[in-house]
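Annotation comment: Swiss-Prot describes 8-15, 21-22, ARG60, 87-90, LYS98, 114-115, 183-184 as substrate binding site, evidence class sequence analysis. Here Swiss-Prot flags HIS9 as active site, tele-phosphohistidine intermediate. Taken from Swiss-Prot, the feature active site, proton donor/acceptor applies to GLU87. Annotation source Swiss-Prot lists site 'Transition state stabilizer' at HIS182, citing sequence analysis.
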Amino acid sequence: MVKLVFARHGESEWNKANLFTGWADVDLSEKGTQQAIDAGKLIKEAGIEFDLAFTSVLKRAIKTTNLALEAADQLWVPVEKSWRLNERHYGGLTGLNKAEAAAEFGDEQVHIWRRSYDTLPPEMAKDHEHSAHTDRRYAHLDDSVIPDAENLKVTLERALPFWEDKIAPALKDGKNVFVGAHGNSIRALVKHIKQLSDDEIMDVEIPNFPPLVFELDENLNIVKEYYLEA
């Protein structure tokens with residue numbers, strides 16, 4: 001039996017301000033920093049020992065991963081970063097206050113953009129200050145694969161190869177894995193792991209804290225699923 005632990009990053013400065021974040025590289029808030037540390041303490045108390053860890057290339061997830069592993073006294077655990085674990089790209093909504101977006105586009109439209117499985121938000125302009133096309137961390141990627149907007153369906157399509165190439169093989173090899181990522185990239189992987197329908201995943205929320213644990217058998221069937229508690 002192996003353990004897969006998902007930790008959504010702690011509260012970010014833009015979470016706190018109620019802004020659409022997506023691929024914008026926003027830092028943790030003071031509360032978010034503490035949530036990451038507390039996540040690590042829960043992991044230590046639960047006696048979970050990791051063999052490797054994965055995170056995105058966005059600082060809020062990277063810092064959460066490092067802080068949690070440090071608090072769990074496992075900072076030595078190898079960490080691999082991948083853009084495939086990034087948050088869903090919110091396109092032209094990035095940086096907008098969610099309440100202001102609702103006032104501008106209407107509550108129903110914004111709700112559809114946020115919660116529909118396969119409806120895309122407006123695309124981000126190539127010259128937007130948060131465009132990934134000019135960001136050095138994505139320079140190794142073909143420009144055609146860098147998104148300008150994503151829904152959960154596209155987020156899953158982007159994250160799934162990383163699951164199949166990196167995470168799943170490690171679990172099948174008997175390794176315990178920590179994944180420090182984002183609300184929607186985790187939701188996408190949870191949809192795959194639990195084989196949820198497009199409608200079922202819409203009701204799934206991943207909190208900033210505490211971490212979510214899956215205990216899996218050798219075929220990666222779920223034996224147990226739970227959130228860590230103090």
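Cβ coordinates come from backbone N, Cα and C, glycine included.
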Legend entry - the residue listed as 'active site, tele-phosphohistidine intermediate' versus binding-site residues GLY22, ARG88, GLY183 - nearest by Cα: GLY183
Inset, instruction - Mind telling me which of the recorded positions ARG8, HIS9, ARG88, LYS98, HIS182 has the densest Cβ neighbourhood, counting other Cβ atoms within 10 Å? - result: HIS9
Inset, instruction - Would you mind listing, in sequence order, the residues at least six apart from GLY22 (substrate binding site) in the same chain with a Cβ closer than 8 Å to its Cβ? - result: GLU87, ARG88, HIS89, TYR90, GLY91, LEU93, THR94, HIS130, GLU150
Inset, instruction - Give the residue from the recorded positions GLU11, GLU87 that has the most other Cβ atoms within 10 Å of its Cβ, counting over every protein chain displayed. - result: GLU87
Inset, instruction - Measuring Cα to Cα, tell me the gap between TRP14 (substrate binding site) and HIS182 (site 'Transition state stabilizer') in whole angstrom. - result: 13
